[in-house]
Amino acid sequence: MKKIGILTSGGDAPGMNAAIRAVVRTALVNNIEVMGIYKGYLGLHEGEILPMDRSSVSDIIQKGGTILKTARFPEFADPKVREKAAQVLRVYGIEGLVVIGGDGSFLGAKGLSDLGIKTIGIPGTIDNDMAYTDRTIGFDTAQNTVIDAINKIRDTSSSHQRVSVVEVMGRNCGDLALYAGIAGGATTILVPEKKYSKDEIIKTVMDGKRHKKHHNLVVIAEGVGNSEEIAKEIEDVSGIETRTTVLGHIQRGGMPTAYDRILATRMGHRAVELLIEGKSARVIGTVKGDIVDYDIHEALSMTRPFNEKLYQIAMDLV
Ligand code: ATP
């Protein structure tokens, strides 16, 4: 392997830069050239490709976002578009490609591997919604961002004795709501994986009122439904002032935590090792703390079991 490419795709996640840095430096130390592909599959298709050296990745390990930029490029689902992208890689002499992104990005990587391009996927998404890995890069930072926001909301809400409804990211996966909800001391956590009853939420709030609780925190994953409507219903029935905060894109940004930087570094390093070993169509994950790799087809076909035990613990502590 003489030359590889690297791109970031889909939603950005803190720690992507640490992964880019690890890929570039591991490749260079093994005498492999690295080409940076800008704006994900869009930039690959358009040939937005530049060589990277050691200093291209200086001073980025602590930065959120992605220096390679990212893009949503739905056209990449079209086989003709992927064929053109594969041709661009051949023209540049890029023999192996590292793709950092979520499930959608891995579908693109699978498509390229079917065309004979050696591809390796690294999971980068704040949602932690990929079945084959315990953690994705960015999740740890995002949950800490949510906890930080919850702490601040709690200060003002308990002063006013309000109910706070906090909506966090997670369309199909409630991990961010669950983990940040537990760490933030939420009284109710609503996730897309579990049915919820409005009566139960109201009962928890009313119980809190009876026990003279100063503050009630309801954390909702965005995939559950309209948080404003849920807040209005709580206020109408309980008579307690209820405010909603939608955290939005703040959850994507910021300096990656030590955990995300180390995870990204280990995964980036492993990605290059796999390419040197001649592997293709593999995705890297972490299971019980170890760095592992799976066949991309197998990884994409897995479904993620919801952490029932953790959810139960959260419910028991209300
Ligand atoms: P996140 O979890 O942060 O949303 P993601 O990688 O799942 O990340 P998507 O927008 O779903 O984000 O996918 C990123 C890109 O991957 C798409 O814009 C598109 O270029 C490519 N992609 C998505 N689905 C496919 C597919 N079925 N075939 C080929 N390429 C795809």
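Glycine is treated like the rest: Cβ placed from N, Cα and C.
All annotation found in TrEMBL is predicted automatically rather than curated by experts.
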Report summary line: Given that TrEMBL records R72, F73, G102, D103, G104, S105 as binding ATP, the matching residue among G11, G15, G36 is G11
Report task. Figure out which of R82, R154, R261 sits with R21, A22, V23, V24, R25, K213, H214, H215 in the ADP site per TrEMBL. Result -> R154
Report task. Among E193, E222, E273, E277, indicate the single residue that TrEMBL lists for the substrate site containing T125, I126, D127, R162, M169, G170, R171, R243, H249, I250, Q251, R252. Result -> E222
Report summary line: Spacing of the two Cα atoms, K213 (ADP binding site) and R243 (substrate binding site), in whole angstrom, works out to 16
**Report entry** Cα-Cα distance linking R21 (ADP binding site) and I250 (substrate binding site), given in Å to the nearest integer
**Finding:** 24
**Report entry** Among F73, M169, R243, the binding-site residues whose C-beta sits under 6 Å from ligand 1
**Finding:** F73
Query raised in the report: Looking only at Cβ atoms, how many others are within 10 Å of the one on R25 (ADP binding site)?
Result: 19
Query raised in the report: Using Cα coordinates, what distance in whole Å links R252 (substrate binding site) and F73 (ATP binding site)?
Result: 19
Query raised in the report: When you look at T125, I126, D127, R162, M169, G170, R171, E222, R243, H249, I250, Q251, R252, which the record names as binding substrate, what is the longest CA to CA distance in angstrom?
Result: 33
